[in-house]
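These notes concern the structure reproduced below.
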Amino acid sequence: MNIGNMKATDVKAYISNILKSEDKSIDYEALIRTLEDDNRVTVKNLGKNVIKFLENRKKERIRVRNMYEFDKKYIKSGTYLAGADEVGRGPLAGPIVAAAVVLDLDIINDENLILRINDSKKISFEVREELSKIIKERAVSYSIQEISSEEIDEKGIAWCNNEVLKRSVCNLKVDPDLVLSDGYKIKNCTINNEFVVKGDAKSASIACASIIAKVYRDNLMIEYSKKYPEYMFNKNMGYGTKEHIEAIKKFGCTKIHRKSFLKNILNTF
């Protein structure tokens, strides 16, 4: 493509699309030279944008590589490590969900790293959706499990929290040699298990588990919002926002509400 014959606005759109797609076939050094040699100031500045993009991508690869290396130090080459995390411990409605993910930790080429992984709460909805698909495609194995609000009411959130993590690990298609869980150890787990404080920001495997668990649960709550629109589950995901609590007081609870969590809100239970 001859950038010199393009309008500045078209060049800007072209560069934007390249950076979004992270096209591996692009010779970025040649592209930067072409932009910097252009007589138009706006086009020259796009060269700076590409340089900044490459610098940020390098930093991101280093950050994520460190997350992979964090996991690798726990196991020997050729063995499996699973990262496990849960989402939905605190909401007033909906299930608690956990995921376990086994990654290929022997990746040599940085191009194959799953970039942008992190604590799922620090990632936008759109990026989480995109990453969830990538994680599922590239994972050696993954498992997503849920425990309903009814079972939470019956057995308590502490038991369910541990149980859903245990189920996620036990339903993997490969047998991990070690499980890393976020925050605390999984009790009564037959597989060797260690916990990592703030693990979803340190461990690649835990971060990936955090992301796919949250995406699964968020999409489930969005579907529930179609059945129960008064509660705005598509916005609060079942958490106790002011609007959600007001809706409970006005309309009562649904089948997916955790009645054991509502004793201080309603006097019905």
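Glycine is treated like the rest: Cβ placed from N, Cα and C.
The following features are taken from Swiss-Prot:
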type: BINDING; residues: Asp85, Glu86, Asp182; note: divalent metal cation binding site
type: DOMAIN; residues: 79-269; note: domain 'RNase H type-2'
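It is Asp85 that, of the binding-site residues Asp85, Glu86, Asp182, has its Cβ surrounded by the most other Cβ atoms within 10 Å. In the predicted structure, the domain 'RNase H type-2' (79-269) carries a mean pLDDT of 95. Surrounding the centroid of the Cβ atoms of Asp85, Glu86, Asp182, where the record places divalent metal cation, the chain contributes additional residues within 8 Å, namely Ala84, Val87, Ala98, Ala99, Leu165, Ser181, Gly183, Gly199, Asp200, Ile206, Ala209, Ser210, Ala213.
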